[in-house]
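What Swiss-Prot says about this protein:
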DOMAIN    33-100  domain 'BTB'
DOMAIN    135-237  domain 'BACK'
REPEAT    353-405  repeat 'Kelch 1'
REPEAT    406-455  repeat 'Kelch 2'
REPEAT    456-503  repeat 'Kelch 3'
REPEAT    505-550  repeat 'Kelch 4'
REPEAT    552-606  repeat 'Kelch 5'
Amino acid sequence: MALPTQQADELRLYQQTLLQDGLKDMLDHDNFIDCVLKIQGKEFPCHRLVLAACSPYFRAMFLSNLEEGKKKEIDLEDVDPDVMGKILHYIYTSEIEITEKNVQDIFSVANMFQIPSIFTVCVSFLQKKLCLSNCLAIFRLGLLLDCPRLAVSARDFVCDRFHLIARDEEFYDLSPDELIAVISSDSLNIEKEEEVFEVVLKWALKEKEKRAKALPIIFESIRFRLIPQDYIKNKVEKHELVKSDKELLKKLQMVKDAQEGKLPAAVKKTPSKASEGKDGEGVVNGDLEEEEEALPGILNDTLRFGMFLKDMIFMISDTGAVAYDPSANECFFASLSAQIPKNHVSLATKENQLFVAGGLYYNEENKDDPLSSYFLQFDHLDSDWLGMPPVPSARCLFGLGESDNSIYLIGGKELKEGEQTLDTVLCYDRPSFKWGESDPLPYQVYGHTVVSHDNLVYVLGGKGNEKKCLKRVCVYNPKKFEWKDLAPMKTARSLFGSTVHKGKILIAAGVTDTGLTNTIEAYDVKTNKWEEFTEFPQERSSLSLVSMNGTLYAIGGFATTENESGEFVPTELNDIWRFNEEEKKWEGILREIRYASGATFVAARLNILRLTKM
């Protein structure tokens, strides 16, 4: 009767430990030593049986009739004695210290002597250490040592972050084969195929005479059928390295013909002789292999991974982040948001980076000023929130804006005793990941909104020290380091929605000194004038406005409704409205949407392949 799996595993582990401990004890006491490895003057006594059991390299040596395999002392060349010492220690103990400094040497020696267990440990270590600065080196190492697992992991890392890595000069040191291995991948995270062409030509121009010869082969990995015809005509065919190469022009003509529907006859791919059966027929896993029909590589029109981006309304709350696609009326689960504070402000930058700030963060290490606010960034690759340097000043009811590489956190109320209204402006520098102070606002304000347009930051409305709603509008020019007053709003308000829509700044609903309002105003940045806009159907506070693909949406907020007792109380609404530009009216498209409660809303471009449809 067979033993249960768990018990059998326990017995196996016990026996392995007993055997390994016994072998190590014999090594320590020089018992049954029948082999000495000599490396650069250092000697390593060991057992032939142990080496043969762990390494096919040594097994083949000892079982051969070669003179070297019969010697007790074996000289090894091109090996570092310290590295070999670590490997022998691992063989006898299963213990090895791998660091960023020694991993490549250990990896190479393990590969040389065919020790799969150490090889696997090194691969796992390098996979965990993959980063922007080493991914290309690890990719090349994986190819050099013929390790597909490592090479593919590093290549996928490069493909995911292609925009960033293609900026690094090291990328342009890749060999033609290495470059092809990257750009031929379906997982390339790019929106437009033109980016691949531009990177390839930049690579070729680095060593023009030498690399131009490789372009006909490399062009097979560029998916020209995904590139607009005008771009091919005006950019590709007119490039200095292309227009003088007849072979490249011939390939491009094939692409243009294909774009017009004139595809060449597909070539039948026959199985190789290695996979043929007795009668010459292709056999795969016992089944007959059908002949495949394939077009030339340059006519490949399979979409890249990064081409599955969609514009969505991104809803961020303390329970989860959900993406809503209004065009298809579909919701996608994006991320759990356990780190997101309830009272937060969100921001989507021009580069599609998503940030959240707010809440209360207590730092025990900072004895003088332990209170700060959370600051998080959404990681599109892992669909998770990354903790960024916290906001130095804990505050609420502030606004977020952006210009170039800076994020501005403006005004608000201090989360300390007294709840002082602030005029201070904090500036987060994205390249250096550091907070600093910027020019203060000319007045103290909270409950306002902030929008960004053409690298200018606008502050609108809110309440001042006297708790009265403001009409005031200011704009900050980061290049001139100055604030400037603009034409005031028609209605003083706070806690309202705002967005930039078709070049104009819109503000909607909110709280006035006499109650809620449903009025909407539009500010023309060119004329510095406000004009009335179609009213929202209901008076609300904290209504969110989102402009996406030329369409204006209004989401959620709080309205005053009558409860069962006849009392009028603020009620949160989770509906979505769309503005009909032709008929100039608001149309409800969803009565209630999940996860909208307590959420903030931004327009974001998200890859639907990374999301889970709800």
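Heads up, the Cβ atoms here are built off N, Cα and C, so glycines get one too.
In the predicted model, the repeat 'Kelch 3' (456-503) has a mean pLDDT of 97.
Here the repeat 'Kelch 2' (406-455) is broken down by DSSP into helix, strand and coil counts: 0 helix, 23 strand, 27 coil. In terms of DSSP helix, strand and coil, the repeat 'Kelch 3' (456-503) has 0 helix, 22 strand, 26 coil.
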